[in-house]
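Engineer: I'd like to ask some things about the structure below.
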Amino acid sequence: MDRNSEPVKFWHVCGPLLLYWVIQFVAQLVAELAVMIPHIGQVMDYDALEKSTTTEEMTKAIMSSVQGMYEIVGKYIMPILAFSALCTLFLTVPLFLKDRKKERILYKQAVKVPGVKKYLVVFGLGSAFCIGLNCLMMLSALALSSFAYSDVDMQTNVVVQLICMGIIVPVAEELMFRGLVFKRFREKSTFFSAALLSSLIFGLMNGNLLQILYVGAMGMVLAYSYEICGTIKVPILLHITVNVMGILLTDSALGAWIQGDIMRLGGAVIVSAFVGSSMYVLLRGMKKQEVPPVE
């Protein structure tokens, strides 16, 4: 595809991104209120408020009530995040389909359908990436074992985690950050520039300061998988794989065993790096085989 030398228009990328954030914020706020309102009577300490005679006592009573509300929201945080992610699909799906239709008309591009082998390679790449980088971050004491849900209640049922953070959130995020942000940057720039910018935005919107490195690196891998495979299905599958592996590592006996010894963590990093590199080479080889000969 020929790239226009003109810069990307600000609102072409930032407009959908801003709307995405607003929809996500409003949907999450509505869901949190829906969860809190039925429990207000349980957490509000009306007796303490009525008996408060000083500002300090009143502040203490209010803070106690607020803490109770936060605890209630924490119990439902994953369904809340999943709900807000689903709401963003009303924005991202139409825009994504519109962009791909325009792309096919302008550049006469056919929709690529990766074979089963390519999906398996992507699965291997995602698994290796997740295990290796998680273990590396444990060794460095930079963050918890998975970026996707480190700030939420880890006591949530594993099935709920898998549905909400393992499937729904990755689909919504890929449509936004790879399907729209990365592809719109890519219209006017090189792959590296588009991947770097979209990954930086992805990291800033998804992680805290300690986790931006993890999320940003993941964004680069996801953008590369989209670039080389040509379909949004691949980064979606890869993102799902990373999140699911992170959840299973956190809640499984295998994950606890790996985390129990620094040598095991180091070994997991080395093995994951080898497997990931092998999967990367395989993907590159598949890409070269798809390039038609010059007539």
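For all residues, glycine too, the Cβ spot is worked out from N, Cα and C.
Pulled the feature table from TrEMBL, pasting it below:
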TRANSMEM  18-40  transmembrane segment
TRANSMEM  76-97  transmembrane segment
TRANSMEM  118-146  transmembrane segment
DOMAIN    157-245  domain 'CAAX prenyl protease 2/Lysostaphin resistance protein A-like'
TRANSMEM  158-177  transmembrane segment
TRANSMEM  189-205  transmembrane segment
TRANSMEM  236-258  transmembrane segment
TRANSMEM  264-283  transmembrane segment
Engineer: As a test of reading the model: what is the averaged pLDDT for the domain 'CAAX prenyl protease 2/Lysostaphin resistance protein A-like' (157-245)?
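Structural biologist: 89, rounded to a whole number.
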Engineer: Helix, strand, coil: count each for the residues of the domain 'CAAX prenyl protease 2/Lysostaphin resistance protein A-like' (157-245), based on DSSP.
Structural biologist: 76 helix, 0 strand, 13 coil
Engineer: Is the transmembrane segment (264-283) packed against any residues at least 6 beyond its ends, judged by a Cβ distance under 8 Å, and which are they?
Structural biologist: 118, 121-122, 124-125, 127-129, 131-133, 135-136, 138-139, 225, 228-229, 257-258
